[in-house]
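Enquirer: Here's the feature list from TrEMBL:
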DOMAIN    1-52  domain 'Cadherin'
DOMAIN    53-161  domain 'Cadherin'
DOMAIN    162-269  domain 'Cadherin'
DOMAIN    319-425  domain 'Cadherin'
DOMAIN    430-542  domain 'Cadherin'
TRANSMEM  550-573  transmembrane segment
Amino acid sequence: GALLVSERIDREELCGTVSPCSLSFEILVENPLELYSGVVEIQDINDNDPVFPSSQARLEISESVAPGVRFPLESAQDPDVGINSLQTYQLSANPHFVLDVQTREDGSKHAELVLEKELDREEQRELHLVLTALDGGSPPRSASVQIHIDVVDANDNAPVFNHSTYKASVRENTPSGTLVARISAYDLDDGPNGDVVYSFSSHTLAKVRELFTLDSATGELKVKGQLDYEEMKLYEIYLQAKDKGVVPGVAHCKVLVEVVDVNDNTPEVTVTSVYSPVPEDAAPGTVVALLSVTDLDSGDNGLLLVQVSDVNDNAPKSLQDHYDVYVPENNVAGIPILNISATDPDLGPNSRLSYVLLQGDPTVSRLFSINQENGTLYLLASLDHEDQMKFSMMVQVQDGGSLPLSTNLSVSVFVTDLNDNAPVVLYPRPNSTSTDVVAPGTPARHMVTKVVAVDADLGYNAWISYTLLQATDPSLFSIGLHSGEIFTARQVQENEAPQHTLVILLKDHGEPALSASVTVTISVDEMVKEALIDLTDVAPAHDSRRQVTFYLILAVILVSVAFFITVVSVGIFKCYKWRQSKELFNSSRSTLYRTPGPFHHIDAVRGGFTPPSFYHQVYLTTDSRQSDVLCKKPFTSSPLGSRQNTMRNGEPGLYHQIVGTASRVPKPAE
C-alpha cells in the first residue's frame, strides 16, 4: 500500500502559477470492496531564479519633470509560488530616484521609479542604475537589470489618460480580434508633441502580450490569443501613452480584464469495472462498477446535474377559500370584477392551471363568465340591486396533470345599491281629479290629507322627504317633512279662497337626489261641515283604535301574570298537601293510632265480631302496608257517620278504636 514517486516532479510544469498544486487519485481495496480518495499536494521549493525580460532598460526623462513623477519598470518573473516567488526589488543608491514596490491583485510585485530630486541635463546628461529582483527563498535568489536614464530637454505637456484604471470583462474562448476596452489620452501640445501613441508598459507580463494586442493609434485593446478561465481569471494590463516630441511625455494607466467562465468543458465520466461478469445469483447491493465524474468548469458550469421528474402530487392552492366581491348596480356589461389567484408547486403541465365556473344556478351562468387561463371573473350583464342583491357561485381550479387535481373556491357577489329610483306617489294618484275638503273654522294642526309615496331603493336612498313647493296661500297649510301629512297651519277663516292648490316636492336622500312632485287640491266650503264632523270623528276613532290596542296589550300582560301566579299557587298548594299527608302518615304510627285493646283490628275481622257490611269499602293511607283497615257501611251519605254506625253494631272497644283511627285519616277521593 505504499505510494511511490515514479518520476521527477516539476511543480511549475504541472500547475504553473496555481497554488496549491495537488494531484488526485483513487485507491480501490477489494474483499471487502472499498474506495478511497487521496490527494497529493506538490510543495514548491525555491529552484528558480527571478528573470527580467532583458538585461538592460533605457529611459528618456525630461529635465523639466517635477519630483513625484513615477516611471514603471519592467517586472521580473519567477515561476515559483508562495514565499519562493518574487518578493521585492532593490535599487542602487543615487541622489535622484527612489524605488516604490507595489503589489498586484494576484499578489505579484512590480516596481516604479519615483523622481525625488529634479534632474539637470547640464549637470548630468545620463544616469546608470541597477535594479535587483529578490525572491523569498532561503537563501534568496536574485536577478539584476541595468537601467540607463538619458536626461533630455523639456517637453511642456505630457499625455493624460481619462481614467487611471479601466475595467472590462470578456468571456473565455472569445475569438481573436474581439474588442476588450478602448483607452484614451490627450496631450495639450501642438504638432508632434501633441500626437499620442499607445503601447504596453515595460512591466507588462509577456503572457499578457501574447493574449492581447493594443492598437497604437486608437488605443483599442483586443483579444489576440486563447483565453481560458480555468488558467487565469483576471489580467492586469499596464499601458502607456507617449507623445512624439523629441523628449516624449509619458502617461500610464491600468486595465483590469475579468475572464468570464463559459461552460466549455464536458463532464468526464470514468467507469471502473470491478465485477464483470456479474453472477446471476449476485445479491442486491453488489457493486458492479465505480463511476467518477469531473468537470473543469467552475460554479454552476462545473456541477453535474441530476434531473428529478415531477409527479402531480400537489393540488392548486389559493390564498383564500372564499372571495367577497361588491359590484354597484347598473354596471357596464363585460367588465372584470375579480382576479382569482392560485398556485401549484408542481412543474410543467402539472402546474398549468385552468379555471372553470361550476354549473349551478342558471342565472349565474348567464350573468358571469371566467377566463380559463388567468382566473379573471367577468360580469356579462348589468345588475339591478332591487332585482337581486347577492349571487353565489363555485369556481374550480384544476391543474394539467394526467390525473388532474382540483380545488373549489366559493365566490359571493354583492350588488350594492345606487340611487336609481325616484319616489313614486301612491296617493293622490297622478292625474286624479279628487279634491279634499276643509270647512271654515277648522283649527290649526288639523290633518286634512296625506301624501303617500314609496321609493324602490333601500336604506338612505329610499328615505323620502316632503316639501311644500307651491301653494295658493302658503300660510294656510303645512306638510310633515317625513310623514307627508298635510295640516292646517292656522285656523281656516270664512273669507279664505274657495280652492287651494298645493304642489308637493318629494325627494329622496340619495347622491344625487331624485325627486317627484304631486298636486293636491283642497276646497274650503261652508256646506261641508258635516264632512268636517265626519273627518273630526275619524281622528278620535283612530285614537280609540290606538287605545284599544293599548288595552289589548295590557290585558295580555295581566292574563299572563295571573296565569303565572295561578301556576305558582297550585304548586305551593300541592307541596303543602304533600307535606300534610306525610305528617299524617307519621302520626299514624303513634300510640293514638294504635291504641292497645283486647285484640288487633284484623283479628276482629277474622274472628267474626263485625257484621258483613263492615267489609263493603276499604280506605288505605299512603302506605297501606303499615296502615290499619277502615271500612264504612254501604249507601251512607257521610263516611264518618257510616263508620260510627258500623262501629255501634260491633263491640264497644272496637268502636272507640276504629273511630279514633278514622279521625286521623284524610278523606280519600271518590
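Note: Cβ is positioned from N, Cα and C throughout, glycine not excepted.
TrEMBL: automatically predicted annotations, no manual curation.
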Enquirer: Average the pLDDT scores across the domain 'Cadherin' (319-425) and report the rounded value.
Expert: 92
Enquirer: Per DSSP, how many helix, strand and coil residues does the domain 'Cadherin' (1-52) have?
Expert: 5 helix, 19 strand, 28 coil
Enquirer: Would you mind splitting the domain 'Cadherin' (430-542) into helix, strand and coil residue counts from DSSP?
Expert: 21 helix, 43 strand, 49 coil
